Amino acid sequence: MKNRENIPKATIERLPLYYRCLDKMDTFEDVEVVSSKDLGGKLDIPSTQVRKDLSYYGEFGRRGVGYNVNELKKSVGKILGVDRVWPAILVGAGNLGRALVNYKSFAMMGFEIAHVLDNDLDKIGNVINDREVKSAQDMEKIVKENDIKLGVIAVPSSAAQEVADQMIEAGIKAIWNFAPTRLYVPDEVEVKNEDLAVGIVSLIYHLSWQEEMEAKGE
Ligand SMILES: NC(=O)c1ccc[n+]([C@@H]2O[C@H](COP(=O)([O-])OP(=O)(O)OC[C@H]3O[C@@H](n4cnc5c(N)ncnc54)[C@H](O)[C@@H]3O)[C@@H](O)[C@H]2O)c1
């Protein structure tokens, strides 16, 4: 395998797509062997790119035969680290937080929201998908006792930085941030921002552009 630092970001971002596709073929479609052309075809990725992406991590499959789906799924899962389930804390048991805690398929992606925290006394003690909402004041204790590295932020933007700081202080190393705000974190902490509004605004942009074209008769 190449030094991980030299692997292009785009390759790393395609790996979860390969993994999800291979998992679907393996678990639900009973596919045993797949070619790079067929795998790429399902994801709109050229076969040459599929082979190049995988070649960064080793030699998989056999020329002219293809990849064993189950073996490649396991290998890609191991590379991604989803061959085990990473426990996470989620802070903010509001509308979005509840939806995330109720989502059942995160385990397949290698993580589980193991603890839910909030600072609202009316929410602390409530149960969401078998998890009791705990006080955000207990964050450090929960993170340390359970050796948790992953945190999910589902609080309003105004509270997101404060929550991120608390998470980092407690020992969290990677943050999945749903608050539409930039977080300032030390270099060793990884942040993935999930700004849902950006997706819908770009769709609206296309709709309004189409309407403008229709109005002009183009
Ligand atoms: N609801 C959605 O569909 C949606 C979509 C996109 C983005 N978001 C973003 O997700 C975040 C949450 O949205 P929501 O609709 O669930 O809001 P919400 O008001 O329903 O829930 C926020 C929760 O965070 C808790 N909270 C606030 N400050 C806290 C703190 N310092 N420590 C611990 N808990 C704290 C509140 O008590 C509340 O339970 C927001 O940043 C929002 O912009 C939400």
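Cβ coordinates are placed from backbone N, Cα and C, and glycine is handled just like the others.
TrEMBL does not curate its annotations; it predicts them automatically.
So that you can see what the record holds, here are the features copied from TrEMBL:
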type    : residues                     : note
BINDING : G92, A93, G94, N95, L96, G97 : NAD(+) binding site
DOMAIN  : 81-182                       : domain 'CoA-binding'
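The sparsest Cβ neighbourhood within 10 Å, among the listed binding-site residues (A93, L96), is found at L96. The Cβ centroid of G92, A93, G94, N95, L96, G97 marks the NAD(+) site; residues of that chain outside this set whose Cβ lies within 8 Å of it are R98, A99, L100, D118, A154, V155, given in sequence order. Taking DSSP states H, G and I as helix and E and B as strand, the domain 'CoA-binding' (81-182) has 38 helix, 29 strand, 35 coil. In this view, the densest Cβ surroundings among the binding-site residues G94, G97 belong to G97, judged by other Cβ atoms lying within 10 Å.
Put plainly, the binding-site residues G92, N95 were compared by Cβ crowding within 10 Å, and the winner is G92.
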